[in-house]
Amino acid sequence: MRQKELVRSATCGFVYGTSSQRLDGPARTSSSSCKRWTRRRTVVRLSSENVPIVREEDEGPSKPKPIVSVSSEGLQPTERVGSRKQVVQFLRILTHPALWRERVKVVVMCFIAFVITNVDRVNISVVMMPLSRYYDWSPVTVGLVQSAFFWGYLLTQIPGGYFADRYGGKVVFAFGVLTWSTMTMLFPYLVDRSLALTLISRGLLGVGEGVILPAMSQMVSKWIRVTERSRSLGFIYSGIYLGSIFGLAASPNLTMSIGWYYVFYIFGSLGLVWSVLWIALVGATPKTSKFISKQELRYISAGVEESGTALGEGIPWKKLFTSRPFWALMISHFCLTWGYFVLLTWTPTYFNSKLGFDMTSSAFLAIIPWASMFINANLSGFLADFAVSRGVSTNTVRKGMQTIGFLGPAVCLGLQTVTSNPALCVVLLAMATGLGSFCQAGVYSNHQDIGPSISGVLLGITNTAAAIPGIVGVFLTGLILDTYPNAWNLVFYITIAFYILGTLIFNNFATTERLF
């Protein structure tokens, strides 16, 4: 019908519309007689489910100015494209609360921070080869510099969670990003002064990155409804994987073209810019936000539980460490990061020594698992929230997603031990890491379920335990391969055992009921 009206209007010489024409279709047209006209305006409102509804209302009979004319040369605009009027109208639509929500801003800013954080974390591994040659570092010194990050990272998980729950995730998040970005930018200067300053800078980088996970968890518990939480966390955590892809792809080119030190200058400055935007644009809570609409505030408040535990009264430590669901969460977190750290740390070596790819191909193929995790982390979040919105219990969704995150990689690694086809091995490893990212809708979402008021502390504690495989698991894998150079199957069997252990514990003892 609309196409017929458009043709009929064109025969009258003009296609008529208004400056506030529909956002999702062609300009409004005249009636069949081409004599009666009605000016219309576009109104954007929020529904009871907080969904933007765009509709038009009559303003009365009038003959609006034609925006397009039909001539022998075709359609001709009657206003200059990009005029001030059009720009103002576009900006009004773009900044309308119904189309740009504050909780979306919070999630996007957290995602960008996670992208930057992992770029800053992986760039040292990319530039370590030219760096070690330039300063004549031994393998022991290289290992010392690499591990300095984890000491700072381990020590600040629990304090970061405590301060986030007490003073707000916004402040702690900003502190973390400012700290690691400053240390990243100062690294070329400090590494040129002494090894001690180099180790201190890497340790402080770990301090900065150690507090942002619990700070993010606290922000999500305040800003995001339960029905939107899985896909929000999946999107935020996928920033880690995208940051690894970007860092592994960009750092070598920057190192070869303009020098390794510019890698730290450029990526460190990105974090400083992010910090300014975060402080200026993001509210600590929906109630304290300067930009949130009343409709969105009501929508968030209706779907987010108010804190029932005040940190001024103290954290229930005894109840915490005598809770079986909490221990199930912490052990499961440990089991999934065992596979995460071992597989991703040793992937390039596996491609080179076991599958026979050269170093260049191994570096390129190492990006594939990160890309797989980026896709599946977002997919799992959408699937989990869809299931919850359709009435499936949160407990069933969490355990189902985590079961996929454990048994999916276990099956892929089991198949990996019985095949020798290099291409198939690459595919199976990408599937294993990708399916492992379903844990974003399982373990990583469970902290806000059982303790929304102390979610920062909960994630800080479990992430401290989960960081141990980054040291012990990676070292043990190196020890096995040093003793038995071709014992990759043994490495995979140990990882499979942890996946199965995590599956049994999480499904039997975890819960989504609020405990704290």
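The backbone N, Cα and C atoms fix where each Cβ goes, glycine too.
Note: TrEMBL annotation is automatic and uncurated.
Per TrEMBL, these features apply:
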| type | residues | note |
| --- | --- | --- |
| TRANSMEM | 106-131 | transmembrane segment |
| DOMAIN | 106-514 | domain 'Major facilitator superfamily (MFS) profile' |
| TRANSMEM | 137-155 | transmembrane segment |
| TRANSMEM | 167-189 | transmembrane segment |
| TRANSMEM | 195-213 | transmembrane segment |
| TRANSMEM | 234-254 | transmembrane segment |
| TRANSMEM | 260-284 | transmembrane segment |
| TRANSMEM | 326-347 | transmembrane segment |
| TRANSMEM | 367-388 | transmembrane segment |
| TRANSMEM | 424-444 | transmembrane segment |
| TRANSMEM | 456-481 | transmembrane segment |
| TRANSMEM | 487-510 | transmembrane segment |
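Segment contact is absent for the transmembrane segment (195-213) and the transmembrane segment (424-444), given fewer than three CB pairs below 8 angstroms at sequence separation of 6 or more. The average pLDDT the prediction assigns to the domain 'Major facilitator superfamily (MFS) profile' (106-514) is 86. Long-range contacts of the transmembrane segment (137-155) within the same chain, counting only residues at least 6 positions beyond its ends with a Cβ under 8 Å from a Cβ of the stretch, are 121, 124-125, 128, 131, 195, 198-199, 202-210, 464, 467, 470-471. It is 260-284 that, among the stretches 260-284, 326-347, 367-388, 424-444, forms the most Cβ pairs under 8 Å with the transmembrane segment (167-189).
Same-chain neighbours of the transmembrane segment (487-510): 324-325, 327-329, 331-332, 334-336, 338-339, 342-343, 346, 350, 354, 398-399, 402-403, 406-407, 409-410, 413-414, 416-417, 442-443, 446, 476-477, 480-481, counting only residues six or more beyond its ends whose CB sits under 8 Å from a CB of the stretch.
Taking every recorded stretch in 106-131, 234-254, 326-347, 367-388, 424-444 and counting its Cβ pairs under 8 Å to the transmembrane segment (260-284), the highest total belongs to 106-131. Outside the transmembrane segment (424-444), and at least 6 residues removed from its termini, the chain residues within Cβ reach (under 8 Å) are 230, 233-234, 237-238, 241, 329, 332-333, 336, 339-340, 343-344, 347, 350-351, 354-355, 365, 368-377, 380-381, 383-384, 397-399, 401-406, 408-409, 412-413, 415-416, 462, 506. Long-range contacts of the transmembrane segment (106-131) within the same chain: residues 137, 142, 145-146, 149, 173, 177, 180-181, 184, 191, 202, 205, 209, 212, 216, 219-220, 223-224, 232, 235-244, 246-248, 250-252, 255, 260, 263-264, 267-268, 270-271, 274, 277-278, 281-282, each at least 6 residues beyond the stretch ends and with a Cβ under 8 Å from a Cβ of the stretch.
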